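Q: Once you've had a glance at the structure underneath, I'll fire off some questions.
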Amino acid sequence: MLPPLPSRLGLLLLLLLCPAHVGGLWWAVGSPLVMDPTSICRKARRLAGRQAELCQAEPEVVAELARGARLGVRECQFQFRFRRWNCSSHSKAFGRILQQDIRETAFVFAITAAGASHAVTQACSMGELLQCGCQAPRGRAPPRPSGLPGTPGPPGPAGSPEGSAAWEWGGCGDDVDFGDEKSRLFMDARHKRGRGDIRALVQLHNNEAGRLAVRSHTRTECKCHGLSGSCALRTCWQKLPPFREVGARLLERFHGASRVMGTNDGKALLPAVRTLKPPGRADLLYAADSPDFCAPNRRTGSPGTRGRACNSSAPDLSGCDLLCCGRGHRQESVQLEENCLCRFHWCCVVQCHRCRVRKELSLCL
């Protein structure tokens with residue numbers, strides 16, 4: 001018998017991020033991770049369904065999905081670097097976080113699903129996957145020029161040289177459809193949502209919100225063609241947003257996440273506060289309050305904040321007052337190595353010396 005859907009989703013994320021040590025929920029983000037599609041797929045077959053088919057037929061796609069999931073966790077660590085829970089994933093505690101329906105878990109599922117879609121789409125455009133390539137020409141007209149070559153802008157007047165006849169889709173557009181399809185196939189469970197399975201509904205919604213953060217923020221890039229710098233013809237294509245931008249937008253959604261509960265039949269979600277409007281497709285959802293993450297707690301997966309570096313003069317989340325949960329902080333002088341005396345050598349290398357510098361750090365008690 002298959003494990004419950006939420007368990008399969010969490011297990012799959014663990015498989016993607018640490019295939020060689022999934023049995024112990026061993027996490028090694030921050031150290032070199034060797035991608036082994038065979039190892040992932042040997043474990044993933046326990047999940048059954050189309051994931052196993054993808055493993056057998058397209059292991060190179062699975063490798064990109066895993067790369068994208070790790071990209072998502074690194075982005076989570078960047079966006080949460082000043083928070084009490086900083087997306088640390090070096091221990092079993094991360095697995096316990098994934099088993100809760102809290103805001104932080106919503107962000108993790110969204111950013112890893114987004115990373116999977118982003119990585120596969122990028123691999124297609126780079127010619128690294130044989131199953132896909134550039135985006136097919138679109139049916140709608142590309143944007144009109146704004147007077148600055150190479151930049152999209154408002155439509156030109158009818159019958160002018162800037163009319164639609166001079167503009168067409170071309171280049172190598174990023175095929176987000178293919179990336180979404182593979183992310184959805186492997187990151188989402190194919191089985192029907194169980195009755196009363198609110199966690200599955202929440203996690204699947206957050207996965208889709210992550211992919212939407214990639215798709216809805218693709219940008220149009222154009223290039224002019226013509227003699228002497230003229231723009232006799234202009235080709236345009238769709239380009240993925242930088243993943244840092246995807247992470248920033250999902251962080252905004254994290255701050256405005258909606259708490260939900262299930263309907264009586266367990267097949268849909270409603271706002272926990274009935275007076276609020278239902279959440280949209282791009283919103284992140286959660287069903288339980290987060291712990292305060294101040295002290296270590298094996299049950300919740302909280303690592304605590306003792307020993308974390310903080311900013312003694314900042315009033316925000318990175319400040320010692322908030323990050324240290326009122327316990328206070330101590331000063332410590334440490335010696336670090338940094339790049340210094342960097343010089344550019346033609347062509348095209350930047351060479352630096354390594355210098356030792358002493359810095360004063362504030363650390364939570």
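Every residue, even glycine, has its Cβ placed from backbone N, Cα and C.
Below, the features straight out of Swiss-Prot:
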- 1-24: signal peptide (SIGNAL)
- CYS76-CYS87: disulfide bond (DISULFID)
- ASN86: N-linked glycosylation site (CARBOHYD)
- CYS124-CYS132: disulfide bond (DISULFID)
- CYS134-CYS172: disulfide bond (DISULFID)
- 140-158: compositional bias 'Pro residues' (COMPBIAS)
- 140-164: region 'Disordered' (REGION)
- CYS222-CYS236: disulfide bond (DISULFID)
- CYS224-CYS231: disulfide bond (DISULFID)
- SER228: O-palmitoleoyl serine (LIPID)
- CYS294-CYS325: disulfide bond (DISULFID)
- CYS310-CYS320: disulfide bond (DISULFID)
- ASN311: N-linked glycosylation site (CARBOHYD)
- CYS324-CYS364: disulfide bond (DISULFID)
- CYS340-CYS355: disulfide bond (DISULFID)
- CYS342-CYS352: disulfide bond (DISULFID)
- CYS347-CYS348: disulfide bond (DISULFID)
Q: Which one is it: of the recorded positions ASN86, CYS132, CYS172, CYS310, CYS320, whose Cα lies the shortest distance from the Cα of CYS348 (disulfide bond)?
A: CYS172
Q: I want to verify one value. Collapsing DSSP to three states, which class is CYS76 (disulfide bond)?
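A: Assignment for CYS76 (disulfide bond) reads helix.
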Q: List every residue in the same chain as CYS342 (disulfide bond), at least 6 positions away in sequence, whose Cβ is under 8 Å from its Cβ.
A: VAL350, GLN351, CYS352, HIS353
Q: Give the sequence-ordered list of residues that share a chain with CYS325 (disulfide bond), lie 6 or more positions from it, and have CB atoms under 8 Å from its CB.
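A: Long-range Cβ contacts: ARG84, ASP292, CYS294, ALA295, THR305, CYS364.
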Q: Within 10 Å of the Cβ of SER228 (O-palmitoleoyl serine), how many other Cβ atoms can be counted across all chains shown?
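A: Excluding its own Cβ, the number within 10 Å is 4.
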Q: Would you mind reading off the Cα separation of CYS224 (disulfide bond) from CYS236 (disulfide bond), to the nearest angstrom?
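A: Cα of CYS224 (disulfide bond) to Cα of CYS236 (disulfide bond) measures 9 Å after rounding.
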Q: Using a Cβ cut-off under 8 Å and a sequence separation of 6 or more, which residues in the same chain sit near CYS87 (disulfide bond)?
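A: Correct list: VAL73, CYS76, GLN77, GLN79, PHE80, GLU104, VAL108.
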Q: Based on Cα coordinates, which of the following recorded positions are within 10 Å of CYS320 (disulfide bond): CYS124, CYS134, SER228, CYS231, CYS340?
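A: So far as Cα distances go, none of the recorded positions lies within 10 Å of CYS320 (disulfide bond).
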Q: Which one is it, among the recorded positions ASN86, CYS132, CYS222, CYS231, CYS324, that lies nearest to CYS347 (disulfide bond) by Cα separation?
A: CYS222
Q: So among ASN86, CYS172, CYS222, CYS236, CYS355, all listed as recorded positions, which is physically nearest to CYS124 (disulfide bond)? Use the C-alpha atoms.
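A: Sorting the recorded positions by distance from CYS124 (disulfide bond), the top entry is CYS172.
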Q: Among all protein chains shown, how many Cβ atoms are found within 10 Å of the Cβ of CYS364 (disulfide bond), not counting that one?
A: 20
Q: Just to be sure I understand: of SER228, CYS231, CYS236, CYS310, ASN311, CYS355, which recorded positions have a C-alpha no more than 10 angstroms from the C-alpha of CYS172 (disulfide bond)?
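A: Checking Cα-Cα distances against CYS172 (disulfide bond), the recorded positions within 10 Å turn out to be CYS236.
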